[in-house]
Every structure is written in C-alpha cells, then in structure tokens.
Amino acid sequence: MNPQANLIFIASLLLGTTITISSNHWIMAWTGLEINTLAILPLISKSHHPRAIEAATKYFLTQAAASALVLFSSMTNAWHTGQWDITQLTHPASSLILTSAIAMKLGLVPFHFWFPEVLQGSPLTTGLLLSTIMKLPPITLLYMTSPSLNPTLLTTLAILSTALGGWMGLNQTQIRKILAFSSISHLGWMAIIIIYNPKLTLLNFYLYAMMTATIFLTLNTIKVLKLSTLMTAWTKMPSLNAMLLLTLLSLAGLPPLTGFLPKWLIIQELTKQDMAPAATIISLLSLLSLFFYLRLAYCTTITLPPHTTNHMKQWRTNKSTNITIAILTTMSVILLPISPMIITIV
C-alpha cells in the first residue's frame, strides 16, 4: 500500500478513536465510530485476496448495523428524555439497544460470528489494530453509560462470551482465529465487571491490549500464521520464541505473570458484590481458553527432531520493532509485583 495512503488511514483511525472517547454528545461519538470503521476497511482489504475482501465486507456490514443501532438507541433516549448527553442514558429500552449495539461492535456473544472470520482475513498488523485500538471506543461508551446498563444482561453476555470463546478456540489451527476467540473470552471478563467497577474493565483492557500487541508483533516478526509453521519457527529466533511462551501464559492469566492481575482483581470485586457463583463459573470457563494457550505455548517452544528445516536464522532484523517487542514483552511478564502502584494509578 502507498505509504501516504497508509498514513492517512492510521491518522483517521486515531482521529476517530479520539473523537469517540472525548465526546459527550451521542452524534459526535457516532461520527467517531464511523470514521474508525471507514479507516480500517482499506487496511483489512489491502492484500486484494478474496478472503480479505470477504473479511472487509463482513466487517463493514456488521459495524454499519451496530452504528445504526447506536444512533437508534440515542435517538430513542433523546425522544423520551430530551437528553443527548452520553452519560444520561436513562431510558431502559435505549440502554438495552445500546448494549446490543456495543456487543455487536466488540464481538461479544451472541454477536461474535464476524470477528474470527474478519481477523482470519486480515494481515497480522491489521489484526492487531482490530483486537486492540478498535475495541477502545465501544468500551469507552460502555464505561460512560455503565450506571444505566442492565446487570443481568451483561453478566449473561459475559459468561456466554467466556464459555464460547474457550470452546470454539479449542479445535483451531489458525493462530489468528485462536487469538480472535481469546479476545472474545477476555471481553467476557471486561463485560462482567463494568457495572460494578468500570475502572477494572479499563485496566483489564489496557493489559489485554499490551499482551495481544506483543503476540501479534512477535508473530509478525517470525512470519507465522498457523500452528504447523509455529512448530518450525524456533530456528529463526529461539530467544523470541521463549519470550512468546511467557507472553502466552501471561495472556492465559497464570500467576506470577501480568495477566493474572486483572483476573485476580475482577474475582475479588465480584466476590465483594455477592456474585461468588458468577466468579466461580467465569473462572472455571477460563480454563477452556487456558488449554489452547498451552497448546500455542507448546507449539512455540517445541523443538522438532533434527531434520533440516527450511528456515535460516535471521541475521538482521528490524531494530525498532525489536525494541518495541522487548519493552512490551517485559511489561507483559513482570508487572504483577507492582500491582499496588498500578491499582493506585487506575
């Protein structure tokens, strides 16, 4: 893709995200979401492969439907209350429609079907944007409207997302699809706590985005898309593969790695809110996704029998990417000991 065009699309993405997260008026938030959608479409379809075109079409149709629902929800609320302020979403029907719209935007169950397909059809760098920065505006809208949302509905969506994100990822061989189901599972953890402690949702999102960015950038560096190629990738950069193992275990939420922090805080908060059964169910369901993280980790560090592989060790790599991956990997692995400071900041 033309570098100037690429720059324009990335700038538009940042602009759309900034407009949505800094707006108080529903129309401005909707405008930001639309700019975001239109900016990511060329990045999804830039390879001109039929699968990429299909992914872009699916993404456009889903996001257009979700944006229409956001607009419909805000107009219904304005009709009944005379308020266009995002934080004043008080009408029950409006908050129900908005929850459905945001679930569709994020890929929460039962509106999750588009997400694995779109991620599978996108390049790894675009997949990184779809999994991280594109989730921020919808989560911000949920954060701002959290006092008005229906707790039962969100808890149900969250538990279903964690369950299906774990189950459907078990049988996958494509790494992008596995990461898509991992994202759906993590969104379940964010959705269950947003009414009771919205700041925990944001903390969970930031840490999830950091760990996912590490994994996508690492996979992009070693040029791996499938489990079968991941098994032979250890010859390229053995040390990077070892760090990828730790990042995957962190994303799974194993102590003493960074990924354990949000899960621990969310379970603690749910217990305080007398929701121990929900906390137990969501914890048990996260064991499903732990299986495919362990599978990925096993394939990452497996050293196949000594037959000749087609890969040579890379003697020169992109230095700036290496520094980024080094910083992100370090943060993805060792932030748990400073959790009191992180909680104070958030």
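Cβ coordinates are placed from backbone N, Cα and C, and glycine is handled just like the others.
Features as listed in TrEMBL:
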DOMAIN    23-288  domain 'NADH:quinone oxidoreductase/Mrp antiporter transmembrane'
DOMAIN    290-343  domain 'NADH dehydrogenase subunit 2 C-terminal'
TRANSMEM  5-21  transmembrane segment
TRANSMEM  56-75  transmembrane segment
TRANSMEM  95-115  transmembrane segment
TRANSMEM  152-171  transmembrane segment
TRANSMEM  178-196  transmembrane segment
TRANSMEM  202-222  transmembrane segment
TRANSMEM  242-261  transmembrane segment
TRANSMEM  281-304  transmembrane segment
TRANSMEM  325-345  transmembrane segment
Touch test for the transmembrane segment (178-196) and the transmembrane segment (281-304), at least 3 Cβ pairs under 8 Å: yes
Contact between the transmembrane segment (325-345) and the transmembrane segment (95-115) (3 or more Cβ pairs under 8 Å, separation 6+): no
Most Cβ pairs under 8 Å with the transmembrane segment (152-171), selected from 202-222, 242-261, 281-304: 281-304
